[in-house]
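Database features (Swiss-Prot):
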BINDING   Asn172, Glu238  Mn(2+) binding site
BINDING   Ile175, Tyr176, Arg177, Arg189, Trp190, Leu191, Arg194, Gly195  prenylated FMN binding site
ACT_SITE  Asp287  active site, proton donor
Amino acid sequence: MKYKDLRDFIKILEHRGDLKRIKFPINPDLEITEIADRTIKSGGPALFFENPTGYTIPVLCNLFGTPNRIALGMGKESILSLRDVGKLLAFLREPELPTGVHDFFSKIPHFRHILHMPIKRVSTAPCQENVWCNQDVDITHMPIMRCWPQDVSPVITWGITITRGLKSKRQNLGIYRQQVLSKNKIIMRWLSHRGGALDFQEWHKNTSERRFPITVALGADPATLIGAVVPIPDTLSEYAFSGLLRGCRTEVIKCISCDLDVPANSEIVLEGYLERDETAIEGPFGDHTGYYNTTAKFPVCTITHITQRNNPIYLSTYTGRPPDEPAILGMAMNEMFIPIIQKQFPEITDFYLPPEGCSYRLAIVTIKKQYIGHAKRIIFGIWSFLKQFMYTKFIIVCDDDINARDWNDVVWAITTRMEPDRDTIIVKNTPIDYLDFSSPISGLGSKIGMDATNKWPGETEREWGIPIKMHDTVRHYIDSIWDKLDI
């Protein structure tokens, strides 16, 4: 299903009974977070706050609060169908020419998707129906949420930040937290390996210009929002990938103040720049770990223009102890990772990032084991294959008779198939998320890999145990009479 903009998606959710309009006045300061947190933990609907206290712009929250809503935003009906998106990503990472007639026809769907990749530039757009500039710029008219009691200020959470490297034609889209400093200044909090930060670093090193153009789009269509968080190949534009997801080209319009393109149907757009050496202390804020993060210096963005639709909608979210919206998005990303990983490691049968592991800090992998030491190869392979897993602290590898998504199964494998000294790998002084305060040094820490597979001759000198399993004939017979037993 194609959604031209966020409003199209809202209509579909409302039609399905998956969006709740709240007319009661609710304060963006803490109160929306409490309602959203309770709702997401119960698997509830998207929330449309029509009357945020003190503001005239409504707030949309919990948009992607369930896996099925994420799938719907990608034009799919269930989270399992997101593996098709992963297969497309795997193809785009390493495209292969057809090897014969049958292979040619099997690849036609992939090539057909490519027709939707080029952006479509328009000359007028809803996102520029209203324009404020210079002294008239004031972001405090937006109902920006303060999410947790010790948060230092309101914070923009769902803005798509758009940048371009000095030597790059490709524009980068990313989601970064932005602390509000004043009516026209926000802090751009991005990790050093993320696309926007890399673009800024390249510009900083290779030019003497004072100002780095940057834009934040709020309330884009679902495909563009999801495209900004999916781990696509570095050579592919998020706009191009959004077109693939949507099934039609992404409409963009040139910013008023610079040459960057923004989604034409965004609700609100903040145009501005980063000064070469202007930074500020960011935080603390409650984060996806369930803790307040430490403070650090990040670049300051000066907003020169605000453009917005008539009667705009402010899209927002919060981060906290899982499950939160980023954790649910992580579950969906998990399904897309699987075909990408399997293309590199075909022996992997499942790959699971439990949401309670804060999205990426713990991975459980099941494999068809083929040789001694196989699990250790998989552990090192995952740490090095995709940059998304450079911060994964724990990797547990099990055989394919274990359900990676069932802790009962995984714990049984760990406690019966692992010998701590032989079957663990600890690597020290490796990159770690700087938000991880458990590491002894910010940004540098250790990782552990666990081999919870059955051990083969050469890995153990002992006779290995045989798992207990009932005869299939007995199980099938009992299945056939189970209802009659009325147990």
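Placed from the backbone N, Cα and C atoms, the Cβ positions cover glycine too.
Keep in mind that this is a model prediction, so the values were computed, not measured.
Within 8 Å of the centroid defined by the CB atoms of Ile175, Tyr176, Arg177, Arg189, Trp190, Leu191, Arg194, Gly195, the record's prenylated FMN site, lie the Cβ atoms of Thr161, Gly174, Met188, Gly196, Ala197, excluding the listed residues themselves. A gap of 14 Å separates the Cα atoms of Leu191 (prenylated FMN binding site) and Asn172 (Mn(2+) binding site). Taken over all pairs of the listed prenylated FMN-binding residues (Ile175, Tyr176, Arg177, Arg189, Trp190, Leu191, Arg194, Gly195), the Cα spread reaches a maximum of 14 Å, rounded to the nearest whole number.
For the binding-site residues given as Ile175, Leu191, the lowest number of other CB atoms within 10 Å of the residue's CB is seen at Leu191. A C-beta separation below 8 Å, combined with a sequence spacing of at least six in one chain, links Asp287 (active site, proton donor) to Asn293, Thr319, Gly320, Leu435. Secondary structure from DSSP puts Glu238 (Mn(2+) binding site) in a helix. It is 11 Å from the Cα atom of Glu238 (Mn(2+) binding site) to that of Gly195 (prenylated FMN binding site).
Listed in sequence order, Thr161, Gly174, Tyr176, Gly196, Ala197, Phe298 are the same-chain residues at least 6 apart in sequence whose CB falls under 8 Å from the CB of Trp190 (prenylated FMN binding site). The CA atom of Gly195 (prenylated FMN binding site) is located 6 Å away from the CA atom of Asn172 (Mn(2+) binding site).
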